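Copied from TrEMBL, the annotated features are:
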| type | residues | note |
| --- | --- | --- |
| DOMAIN | 18-148 | domain 'Anoctamin alpha-beta plait' |
| DOMAIN | 212-706 | domain 'Anoctamin transmembrane' |
| TRANSMEM | 219-245 | transmembrane segment |
| TRANSMEM | 251-269 | transmembrane segment |
| TRANSMEM | 327-350 | transmembrane segment |
| TRANSMEM | 362-385 | transmembrane segment |
| TRANSMEM | 405-429 | transmembrane segment |
| REGION | 735-758 | region 'Disordered' |
Amino acid sequence: MSWAGSRREHEVLSEPLVDYVLKFEAIPPEYHGDAKRMPRDVVESRTAELEALVRTIRAQRLRVTSRIAPNDPSHMWVFVNAPDEVLVDVRERERVDDFLSGVVEVSGLHEAPKRYKLGAVYTDDGGVISPADRVRYVHYLLTANPRERLHGRRGEQGGAGLSVRREPFPHLVDMMPLHDRIFDAAWIKAWANVSLRSVMLGISDDEIDRLRFHFGEQIALYFAFLNTYFMALAPAAMLGLVFFLCSELYNPAYSVALTVWACIFVEVWRLRERRYAVRWGTTGVRNVADPLAAFRPRAVERDPVTGEQVEVFEWWRRELRVVMASLPVVALFVVLLFSALTVIFFIEVIVAEVYDGPGQHIVPLVPTILFSTCIPALQAAWQAVARLLTDYENHATVRSYNASLTLKIFGLQSLVTYGSLVLTAYVYIPFGERVMQALFARGYLTRIFRLLSRQPHFQMPRQLNFTVHPARLHDQLFALCVTGQVMNTVSEVLVPIALRAALRWKERAAVYWAGKRHKRSSHRVSFASDQAERTFLQRVGAEFALPAYDLFVDYAEMGTQFGTITLWSTIWPLAPVMGYVNNWFELRSDAYKIVVNMRRPVPVRTETIGSWVEVLASLVRVGVFTNASLVYLFEAHSKGAGLKSAVHTTLRVNTMPASPTGAAVLPGLLPDGPAARALVSSFLVALVCEQAYQVLAMVVHHVLTRVVWRDSAEERAVRRMQYENRVSLVERLERTREPEKHADAERPYAPERPPVDERFWDAANDVGAAYLADARKAA
């Protein structure tokens, strides 16, 4: 793909070079417009705060200027730009910090084309400060704690310590970097081109390098992961298509092949992200301190290695908080959420398959209403509680905080996503008829129908004719794989555009009618007189209206899809095909979303996708369990043809004998009833398969490490760099070594050794060989 420049590149080049924009509330909302005149003390307070803010930023040797927001005169925008010499200085300090922290930086593995180095800074030693590094350095200078030194040396300057809506600048309400419109336009244009290569091979490493050059390692690593996952789905999609066309559902061969594929993919990605880290010089960056602003140390102690003062919070205190606080609350929410899902699930089954009373067009909507109100409320409550629990755990770094929060939120999100499938597979199909008959016999169904229909005298028929809906499991998976992914794309890309268009129309109408009523006062507002600057300020306002980009949403979407394929696609083998098609569009829709619907992300250096690797590995292990149990329990019969052909799932006959023969083998584990015995047996088989998977994982890791990593260009570069560092150290030691001076040198007292007796070491007195020769003669 070619990366062509924007047609309006000359307009962008005429704009001022702004690295960061801060929004300051200059006028309180109650004094906005012509309602009331602002008191003198409020004016003086806001003026003093703004002047202090500007002084603080300039103390970091940054350029500062301000403008009034064109469409909101109550706010002021503070523009920040970093001179090249400041960026070079921060880069040198960061390199020292990297060296002391053990970051491995290897040069010469890749180089971004010069055409795309607009905004880059060239250093005297031939290095390049990329646009991503530029934004990251300015972000550090603005937000780092004033006491925080980049590499821990005394006398080094920290950052300005700015934070939104916190003292000493409580009226600093927002801050962000601006999009690079030239790169954004080129990026979208390049990836919009459809070619056979893009379908078969995805995105090249050179294009991933360009993303890293402009957005930093974190964003580039996400697209590298998504691209790797997209290409890895190709063999899984082909495998699923073959088994689907052969009508082989719940096939053990497919489940085994899928498990091997998932295990290989996770291990391949571990090695690929390791190679990307070497390629980008971020290996070991996890050792670089990324302190969390909310961290509350218990004490300040001297580091036994570096000798510096460090803030300490013992690991066992944090683990104790996890065990005593986080785990019980997590268990409570799991019980609440699963209970709510179970109640809604059975209400849905009852009204859809049993209810035959009045209001049949309205009553089936009750489960949907319950789900759309109760479940989002529980999820929102859990997200708030999860953040409180993670704050209480008192993590010292941003990385550990994000990892803990990710596991908490995604865990319960997965329960919501897969809960209905679990209930259908392990409760509804094996025990649905038995449960419904029990509810009918005890009169509970009559009470439920009276409540739903609001008829206190409603009576059920004397006999309940209920049978399990055999296509329910397939229909649920189809909705998750197809309908759910389409709705995600629409809600991420199209809905925000429509909402912004409606908001702009509303704002224009409000301005028009306000102008009809009275003239806007002009003594407070001084708009830019230059048309180019007015256009630039309008762009800044449009970007401030965008939400911040959250990588969790995109990773969670891919994790959910990977879990759906790994855990449940034995029900419908076309699930990998749907994932493969979706991810080709996902690569481009995510790029469009970042450019159009989100603010520019602040670049973050990282060497891995973090806890998401462990999430994927855990999903594979759970997938072994579900595949083994589903294959053991069920068999399927296809009805019709095409993607939406009905798949009827029933319990296998050979797992439900008429007599409890299995009870003779495991009498203590197998309960009464054929369905219950089959379910418990499937779980035992799944546990055995899960243990066998451990052996498979070790073999895959052993083989792929030697095939993918050993003797690769990145591995050789790391070894070469380590060898050159050792050679350089030895050479410096040899140059600085001086001959030992004996004259006039005070040496510590040591007893003199007696002269060496050379006769002891004379070869003539060595009797070993002669002794053995005499012994041989005697023998």
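Just so it is clear, glycine is given a Cβ too, placed from its N, Cα and C backbone atoms.
All annotation found in TrEMBL is predicted automatically rather than curated by experts.
Keep in mind that this is a model prediction, so the values were computed, not measured.
Nonlocal intrachain contacts for the transmembrane segment (327-350), taken as residues 6+ away from its ends with a CB within less than 8 angstroms of a stretch CB, comprise 366-367, 370-371, 374-375, 378-379, 381-382, 385, 389, 408, 411-412, 415-416, 419-420, 423-424, 428, 432, 435-436, 445, 448.
For the transmembrane segment (405-429), same-chain residues at least 6 beyond its ends with a Cβ under 8 Å from one of its own Cβ atoms are 326, 330, 333-334, 337-338, 341-342, 345, 349, 375, 379, 382-383, 386-387, 389-390, 435, 468, 472-473, 476-477, 480, 552, 555-556, 559-560, 563-564, 567-568, 610-612, 614-615, 629-630, 633-634, 649-651, 679. For the transmembrane segment (251-269), the residues of the chain that approach it from at least six positions outside its boundaries are 225, 228-229, 232, 235-236, 239-240, 243, 562, 565-566, 569-570, 573, 613, 616-617, 619-620, 623-624, 627-628, 630-631, 693, 696-697, 700-701, 704, 708, judged by C-beta separation under 8 angstroms. Under DSSP, residues within the domain 'Anoctamin alpha-beta plait' (18-148) fall into helix, strand and coil as 56 helix, 24 strand, 51 coil.
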